[in-house]
């Protein structure tokens, strides 16, 4: 009985690691293939917002999910060992998500403008030079707004964490506002 319970116990202890490895690799492969497929589909100049969103999603899957698989599945703590990877992962985990969502929102607005009856609104859709500028401005605005993570995060005491206590609270509230409150509000506003 003791041998059976210890083998079940060891299997239950290994389950989260195996799940992170196998399910994480499955998500990594399908996410990267999906992003590459989106890049191929949206490579037309008309869909420049969606093409850049697919590139952003590709880097998001490639970098953020790779470090998670390494840390949680294989127990290779790269973000707590290397300060640069700690800062980049904390930055890309929010920046990639926000840039991707913003570019998707801009593509939706562009499609809505192209279906309007009034010519004054339709003339703003499918303007490729404007789309390039808006995409670059979007990436730069989010870089300025989230770039503090590149400076104020540090690998210390076996954790990748903010440097000061006040900044930790500030960063938590900013992340809640950007990832939990703003996207649903934007979707609701766009729906009406």
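Glycine too: its Cβ is placed from the backbone N, Cα and C atoms.
It should be emphasised that the depicted structure is a prediction, and the values quoted were computed from it without experimental measurement.
Taken from TrEMBL, the feature transmembrane segment covers 20-41, 50-70, 90-109, 130-152, 172-189.
The stretch in 20-41, 50-70, 90-109, 172-189 that contributes the largest number of Cβ pairs under 8 Å to the transmembrane segment (130-152) is 90-109. Tertiary proximity for the transmembrane segment (172-189) is limited to same-chain residues at least six positions away from its ends with a CB under 8 Å from its CB atoms, namely 94, 97-98, 101, 105, 146.
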